[in-house]
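Features as listed in TrEMBL:
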type	residues	note
DOMAIN	254-301	domain 'SOCS box'
REPEAT	39-71	repeat 'ANK'
REPEAT	72-104	repeat 'ANK'
REPEAT	105-133	repeat 'ANK'
REPEAT	142-170	repeat 'ANK'
REPEAT	171-203	repeat 'ANK'
REPEAT	203-235	repeat 'ANK'
Amino acid sequence: MDKSEAFKQIIRENRYPPEYIKNLLACLEVSINYGSGLNQQTALHIAARQGDVDMMKMLISQGAYVNQGTVDLMTPLHEACLNGHTEAVNLLIAEGADTDARNIDGSTPLCFACAKGSVMCTRLLIECGAEVNPSLTVTFPPLHEAALNGHIPCLEILIEKGADLEKNENQFGTALHVACLRGHVECVIVLLQAGANPNSIKRHQAPLHTTAMNGDEVCTALLLEYGANVYLRDQQSKKPVDLTTNAVCKEMLLEAETPPELLESCRRLIRQQLSCHPRDKIPVLPLPQNLKDYLNHYNYCTEHY
């Protein structure tokens, strides 16, 4: 083991105070930014992954690069977000870390914070300028990561900050598709309340196809309540009702194929006219409160949850 690798191993062991490491650094005469091994991690990457803020401060004071990437283009900020270390994230940003740095897959630190479910890291990154809707090609955007992993608070923060509800990821579709695929009921509710389109298409499949195929009674009921089209057909020309083996789902879908009541038709039409984020617009409509509640589907959510 060479001196640089031995130095990083000492950092990994996390047994010695920063002052000792500082003296050791001078004695060994190693490069503080040397990345060895298969992943080319530096000492700062290791300290950031561990959330050791005092060690990070010492390493940065000795010249550690805050934006140095590994062979996978992971920066120390990626490592800190991946492990939910808010203080480490705060320090790195204060020292000039790029909040929108991309790793080899294109993921930004915000993607990792949302995948981890770290509310504080998510909020801090956005407050410091991280892009809520980064243009990605082969990896999940932050909103999809939060929906995939069922992290409601992160989902709500992203929506509040303008996350694109209709961003269609190549393989998995919109965040609503992802939430339905995983059966995250609360995520589905949050997305629908925010105005996510229940009829968004991913490779000829709508979210309703997914919930029907999975036999997910609750998510199927939610999608129907928010106006999902039961007549949409997939690549095999199948409607959602053709895909389900769940008796309850089949009954709901068949019932939904009958014309809706006038009241329900009005609700769907009004919500469609309000376009994106209807829940923000409904409260200011010149309507009685009980009608506003009906438009917001509060009757459904309070009855079932």
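Glycine is treated like the rest: Cβ placed from N, Cα and C.
Listed stretches 39-71, 142-170, 171-203 were compared with the repeat 'ANK' (105-133); the greatest number of C-beta pairs under 8 angstroms is found for 142-170. In terms of DSSP helix, strand and coil, the repeat 'ANK' (142-170) has 17 helix, 1 strand, 11 coil. Beyond the ends of the repeat 'ANK' (142-170), by six or more residues, the same chain brings 108, 110-115, 117-119, 122-123, 126, 132-134, 136, 176, 178-179, 182, 184, 186-187, 190-191, 194-197, 200, 202, 276 to within a C-beta distance below 8 angstroms of the stretch. Under DSSP, residues within the repeat 'ANK' (203-235) fall into helix, strand and coil as 17 helix, 1 strand, 15 coil.
Tertiary proximity for the repeat 'ANK' (39-71) is limited to same-chain residues at least six positions away from its ends with a CB under 8 Å from its CB atoms, namely 7-8, 11-12, 14, 17-19, 21-22, 25, 32-33, 77, 79-80, 82-83, 85, 87-88, 91-92, 95-98, 101, 103-104. Across the domain 'SOCS box' (254-301), mean pLDDT in this model comes to 77. Across the repeat 'ANK' (105-133), DSSP classifies residues as 17 helix, 0 strand, 12 coil.
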